[in-house]
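Colleague: One structure, as structure tokens, below. Some questions next.
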Amino acid sequence: MLMNIGKVDNIKIYTLAEDYAGYNSPFWSQHGLSFLIEVESNGIKKRILFDTATYAEPILFNMKLLNINPKSIDMIILSHNHFDHTGGLFGIMKEINKEIPIFAHPNIFKVSFATEPEFMLAGTLNKTLKEDIEKLGGRWVLSRDPIRLMPGIFTLGEIEDEEKINFEKKPTIGLYKLENGRVVLDNVEDEIGLAIVTEKGLIIVSGCSHPGIVSMVKKSIKISGINKVYAVIGGFHLIDADNERIVSTIKALKKLGVKKICTGHCTGFKAENMFMEEFKEDFERLHAGKIIKF
């Protein structure tokens, strides 16, 4: 699977939402993740909103501090259906108030839930909200396959089971879903990521990396044919992982040549510390308001 991808000339990533606001910071934190990715490629300039965290209000507040007008957003990517990545969508769409593509997996509207310590829905998207978003101008682009968004940028599509490396085949989260009226384990097959091609190499942006961040990086390489990986940004969902899983993840990313790690959200303090020890000055902790330039 190879795409004629192209590459971007300039990229800047604004962290609009994250669980940590940073020390002595004016920015608001919240549970979840949201990035504004500003790119320029072959004279084309776009602003891509990647995920919408749990609530719109803190995102809009942080956008105002960063002098970003919501109406300047050109497209939206929803990494997966969990509430801490989709909850702010309606409120943000009200501010965007124009026709705009929303890229996601076809299963993003599935019923997904936890049963411990009690029943709780994991996702907030449903048919009614889907239609409400459409009334505000949202145009759903639901695909299992990768999609090239512009020169140098593409979605990863679904990470199939056979594409996952062995140690990432075990789910990192205990969720269930309804499938033909039956309760089955949810492996979060609806998670997609984003890859960006730069002079320095690939940059991979993830929401929670439920399919496994290493498998997502390998999928990016497979799609693009580019073996050089510069940075991996987002949540890795290693918060409940044992040391063996974390060490395996770090070793695999190092073997793939990943230079920089920018992580937070669901990665977990233990894993973050282990990444920091290995990547040293090339490790960065995400926080609301953080701007990453390449």
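One is the number of the first residue shown, and numbering goes on along the chain from there.
A Cβ is built for glycine as well, from the same backbone N, Cα and C atoms used for every other residue.
Here the structure is a predicted model, which means the values were calculated and not measured.
Annotation comment: Swiss-Prot describes Glu116, Asp186, Lys228, His265 as substrate binding site.
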Colleague: Determine the most Cβ-crowded residue among the binding-site residues Lys228, His265, using a 10 Å radius around each Cβ and all protein chains in the structure.
Modeller: His265
Colleague: Identify, among the binding-site residues Glu116, Asp186, the residue whose Cβ has the fewest other Cβ atoms within 10 Å in this structure.
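Modeller: Taking Glu116, Asp186 as the binding-site residues, the minimal 10 Å Cβ count falls on Glu116.
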Colleague: According to DSSP, collapsed to three classes, what secondary structure does Glu116 (substrate binding site) have?
Modeller: coil
